[in-house]
């Protein structure tokens, strides 16, 4: 018996040693709101696997709750500036301005907003990198890897200053600029649509013209933020000239929050890993009151409605338009909404400050999902095979819904011009037309039929970078080429010069021969 206990203790010690043999230290530069919800899933899994995770954040986040007891460690810097006004301006812009504009106008407006708040973002960055006590502490900790959401600039600068290899996690940048210019992601414009344009991989001639023009617009004019401003700031912080693409381009792995159940087929680099839906999981039981309401729907089922964590209120007029449409369907509706109760609200609709969205979408009685097209919600719908009514508002949402429309799993309506009839028609279409449910289930089967789960793949590559101090063997040589070398402009120029030289020499030889021939004939005639 004693020997059995000794063997058990020895085995446990061995397991402990093996488990900690791969344990490392992870530093995180996150983005708030829905981005944080996605990244947090990765961090929790890293903790389960024994890693030490430290999150960098400021003192006034929206969803990053650093005060709540957690296995995560937080390094918090004080932000004297209240960002409430900026958030309100952004919500107003997204809800009331952007939906009524064309693609380029909305992108320009969005770009202008980010240029306006660059001072706040710079202040936040400075509060980290010029905090000598914090930077010394971070350097002495010797982190193995840094996980960065590049939507907020400065994470790559932190990694450079700390000399830590880093992994990026993102859905897309504005116009896909960062992935294409800094990550060297191939993007043939003939069949790869520029992100955030609402185009698909099946483009007409005029759409390909539009795609090419928008690519130029995004590349030379509209960018995620003021590149010149940040490159000047980065160069000053590093004490040497640099560019955003130089620092961002040093990413070892790019974790893209999509997968081929969502994306159109396209070429990609070996250090790009698609991990869409990593936050999705089987549905859990609903709260009793909510379950009773769902069961009361009978054979008609339920509709789940959410515009995400950012847009929980709409104007009273818009709320009444929505409520009026919902009141006319036989399904019960669970609507995440914090505003004033609409006067047209039907008895079949209940309002909630918060809903267990994943659990509702996984409920067998769910018939449709009304969504703004956020990536997290889209993937929960794909995971559970639920058809969608898309009401995109801004950013990548138009693109996300366009993908779902192209795959036959969604109907889109315009948020700005939407009427009760539009919403009612869209709901009836996705609920009564069985093709939408069939296509949603097809995407769900594709999503579930992966050799390795998205979350496990994401964690694997983070751990891979930790174990190998990077992933340089996956880095394309394109990073070391100038733009004219990358597009073979120098080769094309050389070949054109060769052709021009050959034509020139041929012409000269021909003219010389003609002159000789003419002289010979004249001499013969004289004789």
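A Cβ is built for glycine as well, from the same backbone N, Cα and C atoms used for every other residue.
Cross-referencing 313, 518 with Swiss-Prot, the residue annotated as N-linked glycosylation site turns out to be 313.
Residues within less than 8 Å, Cβ to Cβ, of residue 313 (N-linked glycosylation site) and separated from it by at least 6 positions along the same chain comprise 337, 338, 339. According to DSSP, residue 313 (N-linked glycosylation site) sits in a coil region rather than a helix or strand.
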